[in-house]
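In what follows, a single structure is set out as structure tokens and then discussed.
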Amino acid sequence: MYILDTGARFSAVRFSPVFNPPPTSLRRRYFIVRANLPFPKHQAKYHKELEVAIDAVDRACRLCVDVKRSLFSSKEKIVEKNDQTPVTIADFGVQALVSLELSKLFPSIPLVAEEDSHFVRANNLVSSVVSEVKSKASIGDNHLSDADVLEAIDRGGKDAYTFCNKPATYWVLDPIDGTRGFLKGDEALYVVGLALVVDNEIVLGVMGCPNWPGDSSDGSTGTLMLSHIGCGTWTKKLQNVSGNVAGDWIRCFVDACVLMNKARFCIQESQTWESLPLSGFFDASTVSEDLKHKEILLLPTCCGSLCKYLMVASGRASVFLLRAKTQRTIKSWDHAVGIICVHEAGGKVTDWEGDEINLEEDQSERRLIFPAGGVVVSNGSLHNQILEMISSASPTL
């Protein structure tokens with residue numbers, strides 16, 4: 001294992017400065033959370049599942065905030081997994097916490113998630129993870145044992161469930177998408193993402209982004225985004241420093257941009273604009289004030305994929321382009337919740353050939369997706385233009 005430098009620099013989306021709450025612990029203040037929905041329950045077939053998902057993601061975001069503070073104050077270990085991606089006790093704590101919350105009301109629905117308990121055990125992180133989970137779990141869970149928490153983590157692991165090539169209902173969780181952003185600091189984004197899939201259709205999703213720019217006047221920072229099939233996409237502030245849920249749900253939509261040179265683009269931080277097919281048509285600039293005729297605006301948005309989906313679904317960005325690399329796999333949890341949030345906000349998500357993302361291609365595990373060429377996430381209005389440009393540029397790629 002390697003210890004990562006928590007001071008490593010990564011590019012971040014340029015928002016107004018985020019309010020930094022005082023170091024007052026948010027522990028135990030989660031109890032007042034109420035998963036009220038912004039639409040009538042009878043309109044949402046999966047409203048019970050959605051209410052639980054909202055509450056679980058909100059609790060998970062509180063765990064992230066506390067762990068992040070303790071990481072930098074106590075210099076706890078940050079280890080690397082075999083693929084050289086960083087992982088912290090927050091990743092495992094979130095997975096355990098969400099798994100426990102979901103299993104209380106929906107024990108028969110399997111969970112597909114990123115982590116398993118191997119790294120917790122191997123790096124002596126068990127007691128730290130258990131402590132964080134106990135502090136955020138539902139009332140009555142303060143007697144959780146180490147075995148309970150480790151089992152909850154492994155419930156989402158690779159070997160927990162086999163789908164036998166049949167349509168299924170299951171949760172998809174990314175405990176922290178953008179761990180590098182979690183480690184970087186206040187400007188970088190990271191997301192807790194949870195979706196429910198029923199017979200290969202994503203029917204609901206909840207994303208929590210603790211670093212999303214908030215309102216300094218009330219001490220709030222972060223956002224929750226929910227989507228339910230047929231009910232739209234909605235956002236709400238996370239709890240503020242006093243533990244109150246700030247504000248009401250607000251429905252959000254993709255932007256209305258119809259001109260490619262006026263669009264705002266996001267790309268994966270590990271990829272360059274020059275590696276993407278649209279670079280043959282437009283140059284890219286990160287400076288909005290002086291764009292030339294053949295330039296598009298590129299928004300430096302770190303870290304992970306889900307924050308880019310959040311940008312498009314909320315109308316802050318027009319397009320997110322991801323190129324599939326032959327040497328790397330694309331994980332379902334990096335996209336599932338983002339797909340429904342963008343769809344319900346009026347946008348569109350396909351592979352580079354215009355086909356919808358198929359979550360069942362990995363028939364036995366549902367952990368991988370195989371989008372042809374890559375993923376296009378757009379406001380819908382620009383989608384066909386982008387696909388045409390990709391198609392015309394493909395012989396030269």
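Cβ coordinates come from backbone N, Cα and C, glycine included.
Applying an 8 A CB threshold to same-chain residues 6+ apart, the list for ASP91 (active site, proton acceptor) reads GLU114, GLU115, PRO175, ILE176, THR179. Annotation comment: Swiss-Prot describes ASP91 (among others) as active site, proton acceptor.
The feature active site, proton acceptor is assigned by Swiss-Prot to THR179 (among others), with similarity to another entry given as support.
Annotation source Swiss-Prot lists Mg(2+) 1 binding site at GLU114, ASP174, ILE176. Around GLU114 (Mg(2+) 1 binding site), taking its Cβ as the centre, 26 other Cβ atoms fall within 10 Å, counting all chains.
What Swiss-Prot lists as Mg(2+) 3 binding site is GLU114, and the listing cites similarity to another entry. Look at GLU114 (Mg(2+) 1 binding site): DSSP puts it in coil.
Around ASP174 (Mg(2+) 1 binding site), the same-chain residues at least 6 positions away in sequence with a Cβ under 8 Å from its Cβ are ALA113, GLU114, VAL191, VAL192, GLY193, LEU194, LEU306, LYS331, TRP333, ASP334, VAL337. Per Swiss-Prot, the feature Mg(2+) 2 binding site maps to ASP174, ASP177, ASP334; the stated evidence is similarity to another entry.
Of all Cβ atoms in the protein chains displayed, 22 besides its own lie within 10 Å of the Cβ of THR179 (active site, proton acceptor). Secondary structure from DSSP puts THR179 (active site, proton acceptor) in a helix. If you look up Swiss-Prot, you'll see THR179, SER305, LYS308, ASP334 marked as adenosine 3',5'-bisphosphate binding site.
Sequence annotations record features per position, and here Swiss-Prot assigns AMP binding site to SER305, LYS308, ASP334. The DSSP secondary structure for LYS308 (adenosine 3',5'-bisphosphate binding site) is helix.
The annotation transit peptide is assigned in Swiss-Prot to 1-16.
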If one measures from the C-alpha of SER305 (adenosine 3',5'-bisphosphate binding site) to the C-alpha of ASP177 (Mg(2+) 2 binding site), what distance in angstrom results, rounded to a whole number?
7
Just checking a number: largest C-alpha distance across THR179, SER305, LYS308, ASP334 for the adenosine 3',5'-bisphosphate site, rounded to a whole Å.
14
Cα-Cα distance, maximum over SER305, LYS308, ASP334, record's AMP binders, Å:
11
For LYS308 (adenosine 3',5'-bisphosphate binding site): intrachain residues, at least 6 apart, with Cβ closer than 8 Å:
CYS266, GLN268, THR301, ALA317, PHE320, GLY338, VAL377
Report the same-chain neighbours of ASP177 (Mg(2+) 2 binding site): residues 6+ apart in sequence with Cβ closer than 8 Å to its Cβ, ordered by sequence.
TYR190, VAL191, VAL192, GLY193, GLY304, SER305, LEU306, CYS307, TRP333, ASP334
Where does ASP91 (active site, proton acceptor) sit in the DSSP three-state scheme?
helix
